[in-house]
Every structure is written in structure tokens, then in C-alpha cells.
């Protein structure tokens, strides 16, 4: 249906699902991707940007002219900056200096202020800096890693959308990368209720296998693998953890672009790789859905899409 919206924020959600045709082999389960880059800010994080700001407005913690500060690996910041611009709020984003140039420039384009922290300190360094600045100036911190509005919006929207999109068809597996854990927690809980036999797979970087009980470490899969177990992550919702190597994520993001015309980011490559492995295991006649969190255009300055 063609929509005429009163605000850009009304266009968040209701993202399409597409089937992979050339990457999956014929003896595997069918693999589907939910294209979260079809949100107006080009990522899944638009959903939580809107949810966290609107929850704070309802609670009286935010009003026009106020300042939001958030530690973010990029896409949450873009979602928050977009929603803040639409609502007349000021946004300051704190992120590790390892994040791509596109992300930084996009934030500035939306009118946000940027504070960069040392990449070696990871998200922990960004969180610490944001908390210091918030305390000093009285800014509002949405705190995506422990804000209940984060998984809740995925219960209310993402999970419900998937059930509506698949209807009475059985969905056999759901694959999502873990950044804050909001998507897998919220959508996963709804999917378990709708499809009791579904298997849910949590994707994390092999080089920072914290959910698997390993040690945090540097990795190249931007947006997932924060190096700690987030407060809002329901660790009971997933059945299996799927570690993905940097090279696997890069290879499958590139292949999806070249062979399917689907241009995702690095964590999208990780989700696609994991979904294809799950599909092989499940076999023909089953259905696997993976979340594609962001658009590959956001990674053109990274090693993901460098050409001679």
C-alpha cells in the first residue's frame, strides 16, 4: 500500500522479506532475508531509535530542545539522529574511532555532534565517555544495551511483521546477529510463541565469542559482538550460538551483492553465511529467515567493498 506519512518516523518498520535464489543450494532449506535496510535511516536501528525516544517523551524525560547522548557503533546513532532531527531534539553520539567514515558523516548530516573514543577500548570506552558527559551536562542517555524499549519494539513490530509475512507457513529457523540483543530477544520471543518448533540462532564474531563463554577480542564485523553480554539479551531465547569469522562475513556480504543483488553490510554477511549453513543442516522443504540489519553503502570506505 502506498503511504503518505506525516513524519519520517511513521515510515519506520514494515520491512519486506526476500528469498535467496542463487546462493542457497537445491538440497538446502529455503533462505529468506528480512531487509531492515529498507527503513528510512537504512538500518534495523531506526526501530529502537524511535522507540527509546518516544518512551522517554511519554515518561517526561525528554522534550523539544533537549539533548540525547548515546554510545553507539553507528547505526543506532543514525536512527537516533534521524528521529531527533524530526522531533527537534539535539543528538550527541559517542563511538569508537574504528567506525566507518560514512557512519560519521551521516551522523553529521543529520545534525548530530560526534565524540570519538579509542578503538582499542571498544564499546566499553564509548559507554564510559557517554556516561561521563551525561552526568556532567544532564543529557538524556537512551542506553540501548539495557533499555527495555529496545526488545519491546521488536516484540511489537519486527516479530509481529514476520508472523504476518509468513502467515500459516511454518518458519523453521531464525538467524540474527547479536549487537544489543534487542532483535533476537524481542522478535525471537514472538516467533517462539507463533512457531513452537522454530530454532533460533545467535550470530557472534569468532574473534569475540563472549556468548559462547570465550574472551572478548577485536574483530571486523561492525555492529555485532560488543565484547560483553548485554543486559537486555534474553539468553534463553536462542537455541544455538553461531560463531562467524571476519572472512566469512565479508565473503558472503560480497556474494549476496554480486549474486543476488542484495547489498548488505558486514553483519548482514555474517547473518547470510550462518543462515546458509543452517539451511544445509535443515535440508529441503524447510524455511530459514535471517535479519539483514544494514545497507552496504554504509561500508564503501571499509575493506568490505574496496576495488583495485
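Don't overthink the numbers, they just go from 1 along the chain as shown.
Quick reminder: no glycine exception, Cβ is built from N, Cα and C everywhere.
Between the candidates 66, 75, 105, Swiss-Prot assigns the pyridoxal 5'-phosphate site shared with 179, 180, 181, 182, 183, 267 to 75. Listed in chain order, the residues near the pyridoxal 5'-phosphate site other than 75, 179, 180, 181, 182, 183, 267 are 44, 45, 144, 176, 177, 178, 184, 223, 224, 293, each with its Cβ within 8 Å of the site Cβ centroid. Just so you know, the Cβ of residue 267 (pyridoxal 5'-phosphate binding site) picks up 31 other Cβ atoms within 10 Å once every protein chain is counted. Listed binding-site residues: 179, 181, 182; maximum Cβ neighbour count within 10 Å falls on 182. Of all the binding-site residues listed (75, 180), 75 sits in the most crowded Cβ setting, with the most other Cβ atoms within 10 Å.
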